[in-house]
Amino acid sequence: LNFLSSRMSSATIMGRLPVDVVAEGITERKLAALHQVDTLNLMLYTILMIMTVLTIWIFKHRRLRFVHETGLTLIYGLIVGLIIKLCTNGNSSGAITADVQLWNTTANVDSPPDFLRLSVPYYDGISKENQSILLRYKFDSNVNVFKEGLLEEKATFDSEIFFNILLPPIIFNAGYSLKKGHFFRNIGSILMYAVCGTSLSVVVVGLVMYGFTSLVRLPFSLSETFLFGAVISATDPITVLAIFNDLKVDSDLFALVFGESALNDAVAIVLSQTIERHSPSPGSEALLFDGRALLNSFGHFFGVFFGSMGIGSLVGCLASLFMKFTKISQYPLLEATLFILMSYLSFLISEAAHMTGIVSVLFCGICQAHYTFNNLSSDSKMRTKQFFEVLTFLSENFIFTYIGVSLFTSQAHLFNIWFILGAFIAIFIGRLIMIYPLTAILNVGRRPPIPMKHQHMLFFAGLRGAMAFALAIRNTSSPQMRIIYSTTSLIVIFTVLFNGGLTVQIIEWLKIRCGDQSSPELDQGMLFPHSYNRWDKSLLPQKWYDFDNKFLKPLLTHSKPSLLETMPRWCLPIARLFTTDLQYQQMHCIEPGLYIGTVNEAINMRTLQDYFISRVLTVDMFPPEMHYQSVTYLFVMAKDLSEWNLMADFDRCLEFIESAIQSKENILVHCQEGISRSATVVAAYLMKKYSIDENEALRRIQAVRSIVRRVPNIGFMKQLNLFFKFGWQVDRSRSEYKLLTLGKWRKLHADGLTKSSISEMLSPDPGDFSPTNSTDGPKTLYTCRKCRRCLYTQQSLLEHDKKKPDDNCADIDFILPVKWMEENILQYQGKINCPKCESKLGSFVWSGSRCGCSAWISPAFMIHRCKVDRWMKY
C-alpha cells in the first residue's frame, strides 16, 4: 500500500507496523471506496432529476395525453433501477460480509447492540508474525436473507432520510400554499373525508385484507392488515392536482381533493403509529385488540394528533409574534432564514416529544400562511414561497424517482402475488365506501351539494404516493412488513401511471367544468372580518371566524380591527401591549361608507378593492402617487400646522363626502398618517350631520380609531370650535374666521412668497363702484376717496380684540390682502397705493404691526381711513 509505504521507515525502526497506522490505512481505503460509490450514486440521481426537469419543460410545450410528468419520473427511475440490477446481478461489487456470533454479552433482540468490536487478523510483513486489529462497526438493520451489493446498497437510502429530510418540506408546503378561501369554505367536507373517511378506509382495507390473507393462508395478523390499511390509505394525488391546476378545474373540487390529501397524510401517519404501538407482541397469539387496548388506541390517536397539531400551531404563532414585534424585516435574508428554521423546528420538537412531526409541520405551515406570512416583508414573502416551492418540487420528484429505482435495487422487497391482488381489491372497496356514503351524508346539509361527477372524480383521485411509500419503507423488519413495503411500491407506481395518465380523459368524460378563473384568495369571506360565505351555515365555522378575526389575527398580525377595538375595556392594558403602531395607522370605518386611513391605503389598489372604495379625499401636501380609473379623487392641499386654515376647505370636503354617502359609495378620507388633517375633516362632517360639537365628534372617531387619541393640532381644534359656533357652516364674514386666514398668510410668507402661491389666497377685487350702479342686496364697500375706485368690502375688513378698551382703532383699517395688491406685496414691507389713481392708501408689513389699541396684527395690511369712503349699498 502506498499509504503504508510512506510510513515504512519510521515503522521499521520500531520493528513492526503500529496498529494505529494499519487501522488508519484500512479506514482511508474503505472511505475512499464508499466515497466513490456515493458520488456515483448521487450523480446518478442528479442526472435523473435533470432529465425530469427537462421532461417537464418539454411537456409545457407538447404534452402527451396519457403520460404525465410524475409518471415519466417513475419510468425513468424504473429504467435506471433495472440497469443497476442487471449490471450488478451476481456481483457483490467487492462487498465482504463476516458472520459474527455474540458471546459473553447481555444483548438480545429487544436491545440489540449499537456497535460491534471485531478483531480482524492480518500478517505483519515486518515482524513476520500474525497480528490482529480491533475494528468497530455500527448497527445498520435487520438484514434477514438480504444479498449484499455495494452499489445496490448505496442506491437505497435510509428510511429516516425520507421522514426527516424529504417529507417535512412537502407537508409544510401543503399547508403554506393552502388556498385559504375555498379550503375553509369546504372545511367541513374536507374534515369528514380526511378524518372519518381515512379511518373508515383503514378499517375496511384491514378487514378485507385479513379475510383475504386468511383465505389464501398468508400468515398476517389483524393488526398487520390494519397497519397496511393505515399505510395505504395515505393519498397523494400530486399528478391529479397538477392537471387540475393546468386546466383550472372547478375550485371547490380542487379544494376537496387537495384538502383531503393534505389532512389525510396527517391522519394516516398517526393511525399507523397508533396501530404499531398497540399491536400484540410478535409472540402473542391474540388476533384482536382487547377492550382496554382499543380504548388506549383511541386515546393515543387523539393525544398524538392534537398534541402534534398544538405543537405545530404554537410554533407558528410564536414565529408570527416574533415577526410582528421585531424589526428583522429590515433584513429580508435573515427574516426568511429564521422563518425557514422555525418552521423546521416544529417538526423536530414534535419528534423529540414523541409526537408526530409530520402533523406538526403541516399545521405549522397553515399557521405560518395564515398569520406569519402577513408580517413578512415583501422580499421575504417571495423568498419563502419560492424556496418551499423549489424544495417541494425537488423532494417529490426525488421520491418518485427513488420509488422506481428501489423497485429493483432495494434488498427489502418481498413480493407475493396473492397479497398484491387482495390489496388492489381492498383499496378499491375502501375508497368506494369512503367517498360515496360519506358524501351522501354531507349532502344532507351541504348547500350546494357535491355533484355526482365530483364524487366520481374524488374516487378516481385516490392516488398513492410519497407518504404511503415513506410509511411502508420505514419498517421492513419482518417478512410481512417486507410484503407490505413491496405491495405499497407497486400500488404507488400503478396509481401514478394509470390514474394519473387517465385524469384528463376522466375529466372530459365526466364533463367537469374547467377554466375556473375565481381566485380562492379573493374570497369575500376571507377579506372582510365579519362576513360569512353562504355555505357556512354551521355554528362552528361562524364562531371560529369571529374568534379568529376579533382575537387571533389582531394578536398575531398587524390586521384590523385591533385588540383595542375588539377586546372588553378591562382588557385594554393588555391589548395595548399586543397592538403595534402599524395597527394604529390602518383604515377604519367611522360609519357605514365613511373610512379614515393613511396614504398607504390610498395608493394600494388591493385595499381599495377589498373595502369597495370608489372615492378618495386626500387632505395632504401632495396628491396620491397612484391614481386608478375606477376611483374618483378630490385633493385638498393642507399642512399639519396650527396656523393652516383648513376650515376654508370644509365646504367642498363635506360636499364631496356627502355626495359619496348619498350615492351609497364608500369613501376614504386620508392624510399622511390618518391622525390630524383627515380626522379634522371627518369630525367636521360628523358635527354637521349630527349637530354635535367637536368633542363629541372626536370621541366617536376615537372610539373606532384609537390612534386619534392625540387630538388634531390646536389650530385645527380651534377651527372645529368655530365651525360649531358658526352653526356648522363656514362664515367668512366673521372676524374669527378672518384671523384664521392670517395664519395661513404667515405660513406662506415663511415658506417664501411667489405670485402663484398667494394668488388663490387673495380676496376678490370688488372693481369700480359708482353710487348709481345697481347691485343686488345690501353691501358695505370702501372706495378710494380721490378716484372712487372700489377697494375692498366688509368681508375683507379684519376686526380684532382691543387690548385697551379705552383706546380706539378709528384711524386705521386692518384688512386681508385683495386681488389688486398682488403685484405690490411680494416684498417684506411697502406702500399700498390705489390701483387706479396711484394715491397712497396705507402700508403693509409682513412681520406685523401694532394697532393703536396695542393689539399685534401679523401680517399687517393697513389702510388709513382718511383715504377711503364707506358706502352702504341696498
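Note: Cβ is positioned from N, Cα and C throughout, glycine not excepted.
Features of the protein shown, as given by TrEMBL:
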type: TRANSMEM; residues: 42-59; note: transmembrane segment
type: TRANSMEM; residues: 66-84; note: transmembrane segment
type: TRANSMEM; residues: 161-178; note: transmembrane segment
type: TRANSMEM; residues: 190-213; note: transmembrane segment
type: TRANSMEM; residues: 225-244; note: transmembrane segment
type: TRANSMEM; residues: 295-319; note: transmembrane segment
type: TRANSMEM; residues: 331-349; note: transmembrane segment
type: TRANSMEM; residues: 355-374; note: transmembrane segment
type: TRANSMEM; residues: 386-405; note: transmembrane segment
type: TRANSMEM; residues: 417-445; note: transmembrane segment
type: TRANSMEM; residues: 457-477; note: transmembrane segment
type: TRANSMEM; residues: 483-504; note: transmembrane segment
type: DOMAIN; residues: 586-729; note: domain 'Tyrosine-protein phosphatase'
type: DOMAIN; residues: 648-705; note: domain 'Tyrosine specific protein phosphatases'
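The list of residues near the transmembrane segment (483-504) in space but at least 6 beyond its ends in sequence, with Cβ under 8 angstroms from a Cβ of it, reads 65-68, 70-71, 74-75, 78, 224, 227-228, 231-232, 239-240, 243, 247, 400, 403-404, 406-407, 412-416, 419-420, 423-424, 427, 460-465, 468-469, 471-473, 475-476. Most Cβ pairs within less than 8 Å of the transmembrane segment (331-349), among stretches 161-178, 225-244, 386-405, 417-445, belong to 161-178.
For the transmembrane segment (225-244), the neighbouring stretch richest in Cβ pairs under 8 Å, chosen from 66-84, 161-178, 355-374, is 66-84. The listed stretches are 161-178, 295-319, 386-405, 457-477; of these, 457-477 has the most Cβ pairs under 8 Å to the transmembrane segment (417-445).
In this chain, the transmembrane segment (161-178) does not touch the transmembrane segment (66-84); fewer than three CB pairs sit within less than 8 A of each other, excluding pairs fewer than 6 residues apart.
At the 8 Å Cβ threshold, with sequence separation of at least 6, the transmembrane segment (386-405) lacks contact with the transmembrane segment (355-374), having fewer than 3 such pairs.
Using a Cβ-Cβ cut-off under 8 Å and counting only residues 6 or more beyond its ends in the same chain, the transmembrane segment (161-178) has close neighbours at 258, 261-262, 265-266, 343-344, 347, 351, 357-358, 361-369, 373, 384-385, 388-389, 391-392, 395-396, 398-399, 466-467, 469-470, 473-474. Here the transmembrane segment (42-59) has long-range neighbours at 68-69, 72-73, 76-77, 80, 155, 394, 397-398, 401-402, 405, meaning same-chain residues at least 6 beyond its ends whose C-beta is under 8 angstroms from one of its own.
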